[in-house]
Amino acid sequence: VNAWRKRVSQDEGLIVVLQFEVSLFLYRFSCSSEGQPCDCTPQMKSANDLVRQKDQKLLHLQAEVKKLQRQLKAEEMAADGQPLPTIYAITPTYTRLVQKAELVRLAQTFLHVKKFHWIVVEDAANRSKLVADLLAQSGLSYTHLSLPTPTIYKLKESDPNWLKPRGVEQRNLGIQWLRENRELSEEAVVYFADDDNTYSLKLFDEMRWTKHVSVWPVGLVGGLRFERPLVENGKVVGFYTAWKPNRPFPMDMAGFAVALQLLLANREARFDINAERGYLESSLLQSLVSIEELEPKADNCNMVLVWHTRTEKPKMKQEDMLQKEGKGSDARIEV
């Protein structure tokens, strides 16, 4: 539809016809004012031919639009004719050298996911131009929010990543936006998609039909090749993990998705910023579901479809040296 609108808006043919008709009117007026006969039949025929051509082209474009609308509607339906539930992915993000690279990678993955809405929440007082421009150009359906993490909960430059939970207030703001802007009747699923992970497209097919909370393995996490729920007879009975296995839900943030209806129905459910290390996921899930109610996906949790890859922090020694010499890279070039 957007392509059709662009083609019509850029079509100068109609403007040419109007310019011709105005010129023809002025020519006839000039002839009559000088008392000369005016035979405009050839010009009128040419103008009519142009109008007919433009009408035919518009009819053709309208037919193409209807065809695209039918295709789009078909893509949003499951094989059994049921409408596909929407996937809402909440992604906290913060300003750093690799931020744009991370978000571009995610956006280009998410473009391949049907009925998808991306909620990007910046850890900042205001939304940045970098993220706003990236989202506007992404081609995705999205919501752009921002909220700064309170200073007492922020990591210092020298702190290890695990010292304090990150993205907590931003995820909670994403949940709040859903509660304020979506209805309990909507069939949808909510996923917390951090910007430093790698996602297989199959993962989104697995999570789309979540009824309560669906779960699956996560690769390269917890000091292991993978962590995963343990499944017997289609039910989760425990978890394969090495670190604090007695946690209520010893899972990574990337290892579960929540039905929107469940999240909206439990309006107090949220991540606890004061949760003990490793208990952040449990702080949300404990108020939503029991282990017995978890829905194992990805071949009964035998298939890894998401990886906690984490981009290496760039080393800027040369950049810092050139900056001190007044020869630093052009700050106007966005990285």
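For all residues, glycine too, the Cβ spot is worked out from N, Cα and C.
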Feature region 'Disordered' in TrEMBL, mapped to one of the ranges 42-62, 315-335: 315-335
Cβ neighbours of Arg166 (UDP-alpha-D-glucuronate binding site) where a neighbour is any other Cβ within 10 Å: 19
Arg166 (UDP-alpha-D-glucuronate binding site) and Glu281 (active site, proton donor/acceptor), distance between Cα atoms, whole Å: 12
